[in-house]
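*Asks:* Can you keep this structure in mind? I'll have questions shortly.
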Amino acid sequence: MTYETDTTLMFVAVCEALVGILGNAFIALVNFMGWMKNRKITAIDLILSSLAMSRICLQCIILLDCIILVQYPDTYNRGKEMRIIDFFWTLTNHLSVWFATCLSIFYFFKIANFFHPLFLWIKWRIDKLILRTLLACLILSLCFSLPVTENLTDDFRRCVKTKERINSTLRCKLNKAGYASVKVNLNLVMLFPFSVSLVSFLLLILSLWRHTRQMQLNVTGYNDPSTTAHVKATKAVISFLVLFIVYCLAFLIATSSYFMPESELAVIWGELIALIYPSSHSFILILGNSKLKQASVRVLCRVKTMLKGRKY
């Protein structure tokens, strides 16, 4: 790549990452301050904080990988650094998806209205189950992250060296194919939490439809709190599903780069697209949460006041 292309792509990557990190840091900070003030944290705040912190780590790893790829490509020839980056990328990637799924499940059980005994049993205990569920997600993510480092053999590291023209050999192709297949298989595991979120979304839609029909029969209107809660939860879940699909497409671009002549450019483009998912979803969550939205309005008002004071 040319120097101008490198500079432009790095600038875009840094801007995307910083915006996302600020959004997720805001979520974590507001919930942490609320925890310190009230000496307790609600289940929804715990999920949002865990999700925000996992995405901050994910964005830092993606940005670090972009910087290394452009500025220090020879780093990928050293096994230790590559293993660390790959491990934490896989870990934070899985954590982000699993925590977002926990958020979808929480919205479903808290807001939806069904009368099945199992649903009601979980609905009444969902607040107590959240911490255990998040810990289980952490353990699962750790288990899924370990296998990816086992395929980073010396042969593979020599094959991904960007300065050498040995990518056409059969041995390199086999090594890269094996590594890529492991990454693809590990990410296929994320289809399960994605499916759970999709089912939660569909059931929320069903619950909203039943609720609106009931409102029509009672002639009470559509602006009741339950309808508003349904709509907000549905928006949060559908935004996650759409952005996650975009993220998966970006991952496929980055993974397929092992078989492309301009692999460095393909990886960076994949990572630029991947950064959209954790960055934009954080602001959707802020706008959909009344406490976070009010806090963001207060911050913006203070910033506006400070800027006016400096002007005069």
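Cβ from N, Cα, C; glycine included.
Taken from Swiss-Prot, the feature topological domain 'Extracellular' applies to 1-9, 71-101, 150-187, 257-266. According to Swiss-Prot, the transmembrane segment annotation covers 10-30, 50-70, 102-122, 129-149, 188-208, 236-256, 267-287, on the basis of sequence analysis. What Swiss-Prot records for 31-49, 123-128, 209-235, 288-312 is topological domain 'Cytoplasmic', and it gives sequence analysis as the kind of evidence. What Swiss-Prot records for N151, N167 is N-linked glycosylation site, and it gives sequence analysis as the kind of evidence.
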*Asks:* Do the transmembrane segment (10-30) and the transmembrane segment (236-256) share at least 3 Cβ pairs under 8 Å, sequence separation 6 or more?
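*Replies:* No; fewer than 3 Cβ pairs under 8 Å.
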*Asks:* Under an 8 Å Cβ to Cβ limit, what residues of the same chain, 6 or more beyond the ends of the topological domain 'Cytoplasmic' (288-312), are close to it?
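*Replies:* Residues packing against the topological domain 'Cytoplasmic' (288-312) from afar: 26-27, 30, 34, 44, 48, 232-233, 235-236.
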*Asks:* List, by number or range, the same-chain residues at least 6 past the transmembrane segment (267-287) whose CB is under 8 A from its CB atoms?
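*Replies:* Same-chain contacts beyond the flanks: 9, 12-13, 16-17, 19-20, 23-24, 26-27, 48, 51-52, 55, 58-59, 62-63, 65-66, 69-70, 96, 100, 235-236, 239-240, 243-244, 246-247, 249-255, 257, 293, 296.
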*Asks:* Same chain, outside the topological domain 'Cytoplasmic' (123-128) by at least 6, Cβ under 8 Å from its Cβ: which residues?
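*Replies:* Contacts with the topological domain 'Cytoplasmic' (123-128): 42-43, 106, 109-110.
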